[in-house]
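These come from TrEMBL:
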- 1-44: region 'Disordered' (REGION)
- 115-339: domain 'Radical SAM core' (DOMAIN)
- C130, C134, C137: [4Fe-4S] cluster binding site (BINDING)
- C174, C207, C267, R337: [2Fe-2S] cluster binding site (BINDING)
- 390-434: region 'Disordered' (REGION)
Amino acid sequence: MVSRPRRSPTCGRRPWRNPTTSCGPVTRRGGSPCQDRRGRGSGRARRIVVVNPSSDHDGTGPADVRDLLDTLVARGLAGTAPTRAEAVAVLRTGDDDLLDVVAAAGRVRRHRFGRRVRLNYLVNLKSGLCPEDCTYCSQRLGSTAQVLKYSWLSTEDAVAAARAGVDGGARRVCLVASGRGPSDRDVVRVSAMVDGIKREHPDVEVCACLGLLRDGQAERLAAAGADAYNHNLNTSEATYADICTTHEYADRVQTVARAKGAGLSPCSGLIAGMGESDQDLVDVAFALRDLGADSVPVNFLVPFDGTPLAGTWDLTPQQCLRILAMVRFVCPTAELRLAAGREVHLRSLQPLALEMVSSIFLGDYLTSEGQAARADLDMLADGGFEVEGARGAPGARVTPGDRSEVRAPSGVPSSEPGVTVRRRGPGTAVAPNA
Ligand code: SF4
């Protein structure tokens, strides 16, 4: 399969070609010169307030940000989608409007989900050595990323790993395996894991993520007790050939449809920060809505060294928040999940993202480490969020009293819970914290 260079949706120019990758053109750092001129990814305040009606699909640009947000909240509360022009406009709001955008998306979030957050826990059943060439993936064909590589976990190890996540508060366990798709033998193997987890934790949802499914495989996973199946679209149909040449966008759509057809809850999401345009992000969000994804994970590219997208840091924390807001408006009833890359891209703005999403991954990702699970729980407590199923009570709120209590180094007395007595800088022989 040959990947196809595409033209920029805004200026019609070809994207920059990455001569170092073996899998075709990869757009990077804004994807096209026109995007750079708009200040995309630069971190500058972007005072783009009005969508040019002539430049978008449906020509219904809102008059200003206040009107835009009022419209989007009304649509979100009604469960209806914005126009594509409105969705693009969210991505082009300026930094001065950022908190208003978050607040508006937060209203839609609270209407459906209140302040509850569902914790998900990933179990990487089989890591690395994939024959596919997804450019963003550290497990891809030819990846030299120094990630863990191992074949299938045993059923006992998979159940034990799930147990750790459930004990930490997770209410959905995601069983993930690298590869193009499972063999029938793999489906039998994962079915035993699903069964083992369900026997121990009947109230915990189990989601399988095994790649492209063939006829009948989704039905077998459902019969084993799986609740959901994850397969991300990742990016727009127009961009897909830029990020993968070994399978097609349509293959992914078909797998999501197969899972849904078998009665599994469809989970499908996207990765932002791969050089896509604003229009691409809106396109994939609408595609996920059209697919009926119940759960929509939003990943931000983690650009591993040893992959074609190494060094691609296009996103700012502010733009990550706009992307989450846009997806929340497009998919107002979906379980919106803050996924990989949140720590490194949102950084200190992570708590604002929680106002818009209703779900996060607890702990580590497939091949990269997340922040400490304890730090996640602290963040939720500080924001007044309710962790689903916390302490056995549905909707129980995590309170500040649940935060980590003493951060002082071992053996050093702390005057108050959560207060670390200074032992560095002036008055000590230890370098100052500067
Ligand atoms: S199919 Fe999955 S594991 Fe394989 S390279 Fe693509 S994203 Fe990575």
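Note: Cβ is positioned from N, Cα and C throughout, glycine not excepted.
Note: TrEMBL annotation is automatic and uncurated.
Since this is a predicted model, take the numbers as computed values, not measurements.
Taking a Cβ cut-off of under 6 Å from any atom of ligand 1, the binding-site residues C130, C137, R337 reduce to C130, C137. Apart from C174, C207, C267, R337, the residues listed for [2Fe-2S] cluster, the same chain places the Cβ atoms of N120, R172, C209, A228, N230, S295, P297 within 8 Å of the centroid of those Cβ atoms. On its own chain, C207 ([2Fe-2S] cluster binding site) has N120, R172, V173, C174, L175, A226, D227, A228, Y229, N230, S265, C267, S295 as residues at least 6 apart in sequence with a Cβ closer than 8 Å to its own Cβ. Here C134 ([4Fe-4S] cluster binding site) comes close to R140, N234, I243, C244, T246: these same-chain residues lie at least six apart in sequence, with C-beta atoms under 8 angstroms from its C-beta. Around C137 ([4Fe-4S] cluster binding site), the same-chain residues at least 6 positions away in sequence with a Cβ under 8 Å from its Cβ are C130, S143, T307. Mean per-residue pLDDT, taken over the domain 'Radical SAM core' (115-339), amounts to 97. Taking the mean position of the Cβ atoms of C130, C134, C137 as the [4Fe-4S] cluster site, the remaining residues of that chain whose Cβ falls within 8 Å of it are E132, D133, Y136, S138, Q139, R140, L141, S143, S178, C244. Of the listed binding-site residues, namely C130, C174, C267, the sparsest CB environment within 10 A is found at C130. DSSP gives C174 ([2Fe-2S] cluster binding site) a strand state. Under DSSP, C267 ([2Fe-2S] cluster binding site) is assigned to a strand (E or B) in the three-state scheme.
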